[in-house]
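Residues annotated as domain 'C2H2-type' in TrEMBL: 46-75, 76-103, 104-131, 132-159, 160-187, 188-215, 216-243, 244-271.
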Amino acid sequence: MSSVPHLGDFIDETQTAEEKIKEEQEELYTSQKGELLKKHHMKKSIKCSVCDEAFIDEVSFYLKRHMKTHTGEKPYTCDTCEKRFSNSSGLKKHMISHTGEKPYSCKTCGKRFVSSSYLKIHIQNHTGEKLYPCKTCGKVFSCSYHLKIHFRIHTGEKPYSCKTCGKSFRLSDTLLHHMRTHTGERPYPCNTCGKLFKDTSTLKIHIRSHTGEKPYTCSVCGKQFKSVSPLTQHLRTHTGERPYFCETCGKSFIQRSHMLRHMTVHTDEKT
């Protein structure tokens, strides 16, 4: 009995190794992120400092990309039409609209496509396998649940609310972490010093104070950091980015904490 063909069997072998790696990373972040977070709690080591969304350590690259949704940073510019993008992959996909290039081909019928998403949708005609594309951005998912979770990025839906303070979240797992700020629960102890932490991500960062590990390196000057958050802040000293603005006087800051401290100047003026 022959095995049922899978989507990967139809992808053109001319696709470069780099493109395949990027697609696998994208698939991990989109289609499987929620499932991985639930099944592998000990791998949750990084959180967004703005909205508390959790990211898996192995794909910390995506936290940096996620941060740009808060800062509005779009450092990649199309040389043809000057449209700006928050990441290089977005710019690369856009450039195809100018060149007419169709780098993804179907192994079965030879038809070519501008993106891997369109190719995957087309391949369903050959395999009978059902996929779920996002009508807003075109990303393709293997099940309707993953699409539903992803779509909240576009709609802004946050169905999980904290009963204590009312703050809402897209993921139930993120709400669980937030609740510990109210309950004071710290179920994760450090085996070296006994200090307790509310989540594994904070524990993992703390453990580096014992081991001296600094896995995050600045690509500009080589300075190393224990976690991605201080690296993100440090990079702004090179880029000049100041994403936090005082609503009273318009002064901008590299860190949110600096902005909040500055705000007390205006508060004192009113008293």
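Glycine is no exception: its Cβ is also placed from the backbone N, Cα and C atoms.
Over the domain 'C2H2-type' (132-159), the average per-residue pLDDT in this prediction is 84. Per DSSP, the secondary structure of the domain 'C2H2-type' (76-103) breaks down as 12 helix, 4 strand, 12 coil.
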